[in-house]
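Below you'll find the structure, written out as structure tokens, and then a few comments.
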Amino acid sequence: MKDDRNIAENYLIHTYNRYPIVFDYGKGVYLYDDTGKRYLDFASGIGVFALGYGQQEYNQALKAQIDKIIHTSNYFYSAPLANAAKKLVKISNMKRVFFCNSGAEAIEGAIKIARKYGHVKKQLKESEIISLEHSFHGRSTGALALTGNITYQEDFFPLMQGVKFAKLNDIGSVKEKITDKTCAIILEPIQGEGGIYPAKREFLVELRKLCDERDILLIFDEIQCGMGRSGSMYVFQEYGILPDVLTTAKALGCGIPVGAFLVNERAEDILEAGDHGTTYGGNPLACVAVDKVLDLFEKLQITEHVKKLTPYLESRLNELVQNKETVIERRGKGFMQGLELQIPAKGVINKAIENGLIVLLAGTNVIRFLPPLIIEKHHIDEMFEILFEILE
Ligand SMILES: *Cc1c(COP(=O)(O)O)cnc(C)c1O
């Protein structure tokens, strides 16, 4: 209702420019607003709803857990916590996990590991972290300090000190920034908000080597690109390398707010009792979501499905590049794709949404596609038809 919009506008802090749409419910890969209008969702709540809306097994698991217990605090154990931890560690090839409530919080945990690694392993009083230009790591002040986008930062200075920015896919620029104080390098294996820029295999392999040589932690932020979106559970798994710290969130709970950071041997024992904590993190409801999501990924063979359908999605997006003058190029991997336009993408995205297709902005002139991982060919065709018409 228009009322809901007015009330929300009167009472919320205006941190978002929302579309004038009130969503009522979702089914599969479609959303329905309060007038009954249907939208094909190629954004999935910013890469969150990987399994689509109204997944019955997922919904049932959450409902059952609500009736059992929702929260216990981290003074105690629960079965969902144990199950979710075991499964997430296994599918990510990491050693241990800490559950939190969002992506930014996962980044904060990774920062603390990096700082403590510098302090106790490298005897540094003050350490430096290298991040990348055009990166996005979240809105809390630590994560913001790592985010390579001055417009997000400038109103909030001074941010956390000791951060340097290097260039993606330019190992020389990383080497230039390394000093004896460097404790960690953090990057998204596919940059999301910044404009869909995938890291090259050679770059990641060289970074791994460099970090080993210089005793630096390698942190992969797979909050957006992870959880099957690339066609593998995590992007790095395609390159035969492991990070020392991994952050994950967005699709991890498929709508229940949950994030996590995971560690490998080198970072396994850095955080000790008393070093870090959160009241909600790993609560039984969130962990049932994680547990069920990971079950369903396996059962529905999500990564195989993404791999199988990626060539089709890419070929249809390539058609737009070939046929439409405003579209410069396609970038991305799996179901994380971007179309770079010659013009700001905002107007095109507004039009797409008016025409019943939800897509996202990345950077200023990139249309970003993060569809649910269960889309079929005909959904891709439907997306194509709408965009083809709009881009006339
Ligand atoms: C979304 C995102 C974050 C922040 O996650 P929140 O849950 O919004 O705090 C961090 N890093 C990347 C790569 C993201 O896409």
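Every residue, even glycine, has its Cβ placed from backbone N, Cα and C.
Annotated features in TrEMBL:
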- Gly103, Ala104, Phe136, Asp221, Glu222, Ile223, Gln224, Thr279: pyridoxal 5'-phosphate binding site (BINDING)
- Arg139, Thr278: N(2)-acetyl-L-ornithine binding site (BINDING)
- Lys250: N6-(pyridoxal phosphate)lysine (MOD_RES)
Sequence-ordered binding-site residues from Asp221, Glu222, Ile223 with Cβ under 6 Å of an atom of ligand 1: Asp221, Ile223
All-chain count of other Cβ atoms within 10 Å of Ile223 (pyridoxal 5'-phosphate binding site): 29
Thr278 (N(2)-acetyl-L-ornithine binding site) CB neighbourhood, other CB atoms within 10 A: 17
When distances run from the Cα of Glu222 (pyridoxal 5'-phosphate binding site) to each of the recorded positions Arg139, Lys250, Thr278, the nearest one: Lys250
Asp221 (pyridoxal 5'-phosphate binding site) in three-state DSSP notation: strand
Alpha-carbon spacing, Asp221 (pyridoxal 5'-phosphate binding site) to Lys250 (N6-(pyridoxal phosphate)lysine), which is rounded to whole Å: 11
Of Arg139, Lys250, Thr278, i.e. the recorded positions, those within 10 Å of Gln224 (pyridoxal 5'-phosphate binding site) when Cα atoms are compared: Lys250
Of Arg139, Lys250 (the recorded positions), the residue whose Cβ has the fewest other Cβ atoms within 10 Å: Arg139
Number of other Cβ atoms within 10 Å of the Cβ of Asp221 (pyridoxal 5'-phosphate binding site) across all protein chains: 32
C-beta crowding around Phe136 (pyridoxal 5'-phosphate binding site), within 10 angstroms: 24
Number of other Cβ atoms within 10 Å of the Cβ of Thr279 (pyridoxal 5'-phosphate binding site) across all protein chains: 9
From recorded positions Arg139, Lys250, Thr278, the one whose Cα lies nearest Gly103 (pyridoxal 5'-phosphate binding site): Lys250
